Amino acid sequence: MYVKSLTLKGFKSFASATTMRLEPGITCIVGPNGSGKSNVVDALAWVMGEQGAKSLRGGKMEDVIFAGTAGRPPLGRAEVSLTIDNTDGALPIDYTEVTITRTMFRNGGSEYAINGTPSRLLDIQELLSDSGIGREMHVIVGQGQLDAVLRATPEERRGFIEEAAGVLKHRKRKERALRKLDAMEANLTRVHDLTGEIRRQLGPLGRQAEAARKAAVIQAEARDARLRLVADDLVQLTSTLEQEVADETALIERRTTVENALESLRSRITEIERQAADAAPELGRSQERFVRLQSLRDRLESTASVARERVRLLGQDDVDETTSGRDPEELRAQAAQAREAEQKLAAEVATAAEQLAAAVTTREEAESAYAGEQQRLSRLARAAADRREGLAKLAGQVGARRSRIEAGEAEIGRLRGIIEASLARASEAEKEFSRLEGTVAHDEEGEEGLDSAYETAAEELATVETRIAELEGVEREAERDRASAAARVEALELSLRRKDGAAALLAASESSESGDGHGIVGTVASLLQVSGGHEGAVAAALGWASEALAVGTAQDAARAVATLRSDDQGRATLLVGDTAAPSDRASWPSLDGSAVWARDVVDAPASVRPAVDQLLDLVALVPSAEHALALVARGDGITAVTEDGDVYAPGWVRGGSSSGQSLLEIQSALEDAQAAAAAATTRGEQTRFALVAEREKAAAVTQRVEAALEALHDSDARMAAVAEQLGGLQSTIRSSRSEVERTERTIADAEAALEADRAELATLSARLDEASAEPTESEEPSTDERDALELAASRARTAETELRLTLRTKEERARSLKGRADSLEGAARNEIQARERLRQRQERRRREASIADAVSQAAAYATERMATALVRAARLRDEAEAERTRRDTVVRGLRDEMATHQDELRELTDSAHRDEVARARQVARIEQLQAKAVEELGMDPDVLMEDYGPHQPIPFLAGPDHEGDVPMPSAFVRDEQEKRLRKAERGLSALGRVNPLALEEFAALEERHKFLVEQLEDLKKSKRDLLDIVKEVDERVEQVFTEAYHDTAEQFERVFQRLFPGGSGQLVLTDPGDMLTTGIEVEARPPGKKVKRLSLLSGGERSLVAVALLVAIFKARPSPFYIMDEVEAALDDTNLGRLITLFEELRDSSQLIVITHQKKTMEIADALYGVSMRGDGITTVVSQRIRDVAATA
């Protein structure tokens, strides 16, 4: 597995799409500072899931998008694609090539994709974590990360190894399991309390459900009897209604006869009216015909008059058409003369054109001769200028070479001055180095006191944090107790909710705005306070009163009962508070030490105290049945109640197994639960207060720890600064000596170049002397021939212009003659056409006069015939008018007969209406019974009469307690069914108050209990599973980390020996006994030094120690690739060579991408990428394979 390619689009300075194709081995990325090399590292971290903007050297995540330059606008998104070769299957995905893509939009949106498929950040992190590339990105070693590795805490160093070993995903799994356990604990306590409370409610509710089943059987008896009685009523009323309908039939028949007669009359009238309607068009046509004939006669007379006038007008002369009077033949002769003149002028135009062509040829030859002479003179002038320029160039080269010789001599002098200055700097640096070595020895002695102060403060902080952890445990326990008590309070409050008339009265009392709630004081159970745990015994002694409502007066009780009855809200038991005063206790007998009077353990408000005292008159509470029997046997009229709730009185005993908790006991349990919840809340608040105090104390101790640590860091910083100065001085000494060597080599090169310039100067001087000695031509070329040729060309152009004007004049005259000839020919044609049109018009007028005369004669004949037709049309019109008058008389007679029949029909209709009203009353009674059947009994009326009518036998309804054979059905007898209904209603009254919802509530509560029991088992199983997961994860983490740590520690010792020959370094566990939480310390002793503290090492040594730790991790748990960003910047040549050796070893197992400025690092690379920034601020990349270059060489 290795990185195959990296594509950047709009990421930071990579505005254009840039693809870097990588291969296994070492790839170096080089370029000047600020060109964008580190942006490549940022892109790799970003595409692999980095979420910190500061880690990407930005203020916010949108900063990764190209921000634009002066020549290119900003982009709207950044996209990076990382392609990984997965041929070896290192990634758990069925692809040999995996491309991870991340896109960031300017509006803050972000997208991830794996091989083009949208995915989540978590998917990418889990995919990479299996190959040792975790969220902390330890495979990317940045410019400041080496020092961060050294400043890391022991726990953070442990994280580096865990990430390389792939442990982090197991820790995340454990954290999720622990969070689920914390959330599950509260749910488990709540479900457990609810299950117990529901189990206690099932017994009493089951007995109520049994009573409800009996009531259901009795209600079925009552319903059956009620259904049969209503069905009998419906059958009787329906029979009566049918008889009344039969009596109405005769009346309906007579009304039908009258309606038929009326219909016959209407038909006759309709027929006559139809005939009249049929004849009406003919009458209209007769009238229309007469009018149309009159109009036609008038039109004929008008036409005859117009025709006669037309004949008169056409007989007159036509003066409209005239001609020009010119002879066409004369016009044609003039046109022929114009054509002849045009032809002569055309011949003259052709002659002028030939003369113009000859003049053009003469002009072109003159201009060509002039141009040739001009070019010859230019060549002669250029040749003279070239000879003068050659002499000047040689003189310039001689001067330049002399200047170079002078500059070379000055540069050699300057370089010798640099050598002297470098030797002086090296001497001063050696003296300062000796002085600082003495300062380091003195500062190490003051470190012991700072270490002691820091360790003391750290121990105190650990003690405070342990106390905080204990208090947090107490706080969680208090919260669990509070949640448990709250669940019990909720369950008990659910048990106290009333579902009978008492609930309605309580609700009305609580919601009454005027304060008039029928005098309801509250439930007796909520008003009484019982001491000594005697709740059960007192509830048994009070009996019905323990579940009753308390009211002020008997009038209040009467109003409450009336309200329940009027609103049909059920029944309720009421305890009246203003009862007569109880008996005087002075006359009561004495009790032995084991018994107490019930009055003495009950505390009640004054409003109900008299009633309660009366109920508890001579009632004693005893510990057992034996005490009760002995007390009753004394004959003092005492009623004894045991702790189990058994009541013993003279002549009767009530007791047995528990029937469930009474309201008084539930109320007491509710108060205890509320008190427990309040106590848990108080304990939690006290614990939180103590936590605040301890956390403030921890903050103060933390400040001391930080102050001690800061002092220690300051001391370390001072010593590090001195060590840094020592390293800087060593670098100064080395660089000064290296500069002397480089300068000496430069002087040797400069002296060699100076000798070469002196030899070149001698050569150039000799050439200049030879060129200066050659003879020069002083005469300039003559221009007389050129001037003569120029004059000839000018005269030829003038002659050409004059001939061109002559030609244009003759052509214009020829066009004018042609136009005159065309005009004369057109005038001749027009005159001939005008004379032809005049002849044709005169012929047409003669024809029209003949036609007008014929029309006049025909119109006179038609007028005579039209007079005869008018007489016949008038006769037909009069006959149609007479027939219409006769039909109107017949219709009036029929309408009078129809009015008589309508009067009789109205009388019959009124009689039928009266019968219909009477029948409607009967139907209303039937509909009332039908509505009752539907609304009250829930039966369709037809089904009711069919299934429950008097013709059906009465079956026997067997109850759940019936035993033996079922009797045969009996015939319907109304009196017996009425008795049966009354008996059932008495049975319901005898049952008393019945909870109609008990069956459903019992079934629902039983189902809920079953569900909660199943949920409780599921929660317990889930808890066991989660604990198993946590244990499994801990074992796995401990195993994987232990193996990884030992491998890393072994590799660290080897790598340290490679980087620091003669030195020693090792990794040490802070708590070897706990491999799950132990941290890791780094001990490093370079050769020749006694210190182990990393802060006392020089900058280069610190960098090498960090490199040693990272390389040890890389070797112990190799990742497919690593990115190194200028990690060797602070190393000298010797240490750089050692680091390069490690790079070459890592190349065998992993791919390395190295950002570097070092030439030695570039020499080991398999490929080089050059990064540069153009003038517009956009990064560009070029690449070169080193092996290709070697092969070419």
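Cβ coordinates come from backbone N, Cα and C, glycine included.
All annotation found in TrEMBL is predicted automatically rather than curated by experts.
Now, the feature entries from TrEMBL:
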- P32, N33, G34, S35, G36, K37, S38, N39: ATP binding site (BINDING)
- 167-194: coiled coil (COILED)
- 335-383: coiled coil (COILED)
- 419-495: coiled coil (COILED)
- 518-632: domain 'SMC hinge' (DOMAIN)
- 767-787: region 'Disordered' (REGION)
- 814-851: region 'Disordered' (REGION)
- 814-823: compositional bias 'Basic and acidic residues' (COMPBIAS)
- 832-850: compositional bias 'Basic and acidic residues' (COMPBIAS)
- 1002-1036: coiled coil (COILED)
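Sparsest Cβ environment among the binding-site residues N33, S35, N39 (other Cβ atoms counted within 10 Å): N33. Contacts of K37 (ATP binding site) defined by a Cβ separation under 8 A and a same-chain sequence distance of 6+ are given as I29, V30, G31, D1125, I1155, V1171, in order along the sequence. Sorting each residue of the region 'Disordered' (814-851) by its DSSP state yields 38 helix, 0 strand, 0 coil. Other than the site residues P32, N33, G34, S35, G36, K37, S38, N39, same-chain residues with C-beta atoms no more than 8 angstroms from the centre of those residues' C-beta atoms, the ATP site, are S13, G31, V1171, M1173, T1179.
Cβ neighbour counts within 10 Å, taken over all protein chains shown, single out G36 as the most crowded of the binding-site residues P32, G36.
Of the listed binding-site residues, namely G34, S38, the sparsest CB environment within 10 A is found at G34. A helical conformation is recorded for K37 (ATP binding site) in the three-state DSSP classification. Across the coiled coil (419-495), the model assigns an average pLDDT of 73. DSSP assigns P32 (ATP binding site) to coil, not to a helix or a strand. Taken residue by residue, the domain 'SMC hinge' (518-632) breaks down under DSSP into 53 helix, 19 strand, 43 coil.
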